[in-house]
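Q: Can you keep this structure in mind? I'll have questions shortly.
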Amino acid sequence: MHEKNPKFKPTRLNFLERLYLPEVLKGLGYTFRQIFAPIFTTEYPDVKWQPPAVFRGRPVLVERDDKTGERCVACGLCSRVCPPMAISIQAEETELEQERHPATFEINMLRCIYCGYCEEVCPEEAIVMSDEYDITFNNRENAIMDKSKLLVPVARVQKRLDFLKEYKNKVRRPEEQVSNLEV
């Protein structure tokens, strides 16, 4: 086919190009330059990485401000929106200010895909994605976390709660824009 096309002219490689020596030297030069580049890895077990507020780690339940229990009102939205169905809730009524709270609240961490849908849909900001990323289990039973393992104080997830408030304010339209649309 090359002989029939008059525009095609095969390029002749010289001796060094046929040996691929220049290309090998270019690769070695790049490798040598990388020896003196700054190190960007951390020595993990000794040095822990501090994730930013945007990071979605293990989901946790947030305590109420008065530390009398969880913020959760057992509405069940998080369990309905969870794609892998990792969350299970059973509600019971209480005599406290809120009418209901979860009698059982479990998250199967083997099923959780850390999507954050449960956090987005929660009306009480009761379930939040924490900054915990080093999650290990000895057996499958330990991977199912109940209320006692999930409950954390507000101070521990305050950075994430502040991020969520800022994020939700950016997503929602200000009231002035909504009133202008109605006119």
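Along the chain as shown, the residues are counted starting at 1.
Using N, Cα and C of the backbone, Cβ positions are placed for all residues, glycine too.
Pulled these features from Swiss-Prot for this protein:
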{"type": "DOMAIN", "residues": "63-92", "note": "domain '4Fe-4S ferredoxin-type 1'"}
{"type": "BINDING", "residues": "C72, C75, C78, C122", "note": "[4Fe-4S] cluster 1 binding site"}
{"type": "BINDING", "residues": "C82, C112, C115, C118", "note": "[4Fe-4S] cluster 2 binding site"}
{"type": "DOMAIN", "residues": "103-132", "note": "domain '4Fe-4S ferredoxin-type 2'"}
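Just tell me what is around each of these and how deep it sits.
A: Beyond the ends of the domain '4Fe-4S ferredoxin-type 1' (63-92), by six or more residues, the same chain brings 98-109, 111-113, 115, 117-118, 120-127, 147, 151-154 to within a C-beta distance below 8 angstroms of the stretch.
C72 ([4Fe-4S] cluster 1 binding site) carries neither a helix nor a strand DSSP state and counts as coil.
Proximity of C118 ([4Fe-4S] cluster 2 binding site) to non-local residues of its own chain (separation of 6 or more, Cβ distance below 8 Å) is seen for P59, C78, S79, V81, C82, I87, I127, given in sequence order.
For the domain '4Fe-4S ferredoxin-type 2' (103-132), the list of distant contacts is 50-51, 55-62, 70-75, 77-79, 81-92, 140, 143-147, 150, 152, 156-157, 159-161, 164: same-chain residues at least six beyond its ends, Cβ to Cβ under 8 Å.
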Q: What does DSSP assign C115 ([4Fe-4S] cluster 2 binding site), in three states?
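A: For C115 ([4Fe-4S] cluster 2 binding site) - judged by DSSP and reduced to three states - the answer is coil.
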Q: Express the distance between the Cα positions of C112 ([4Fe-4S] cluster 2 binding site) and C122 ([4Fe-4S] cluster 1 binding site) as a whole number of Å.
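A: One finds 16 Å between the Cα atoms of these residues.
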Q: Counting only other Cβ atoms and using a 10 Å cut-off, which of the binding-site residues C72, C75 scores lowest?
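A: Per-residue Cβ counts within 10 Å for the binding-site residues C72, C75 bottom out at C75.
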Q: Work through the binding-site residues one by one (C112, C115, C122) and point out the residue whose CB has the fewest other CB atoms within 10 angstroms.
A: C115
Q: Given C115 ([4Fe-4S] cluster 2 binding site) and C122 ([4Fe-4S] cluster 1 binding site), what distance in Å do their CA atoms have, once rounded to a whole number?
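A: Per the Cα atoms, C115 ([4Fe-4S] cluster 2 binding site) and C122 ([4Fe-4S] cluster 1 binding site) stand 14 Å apart.
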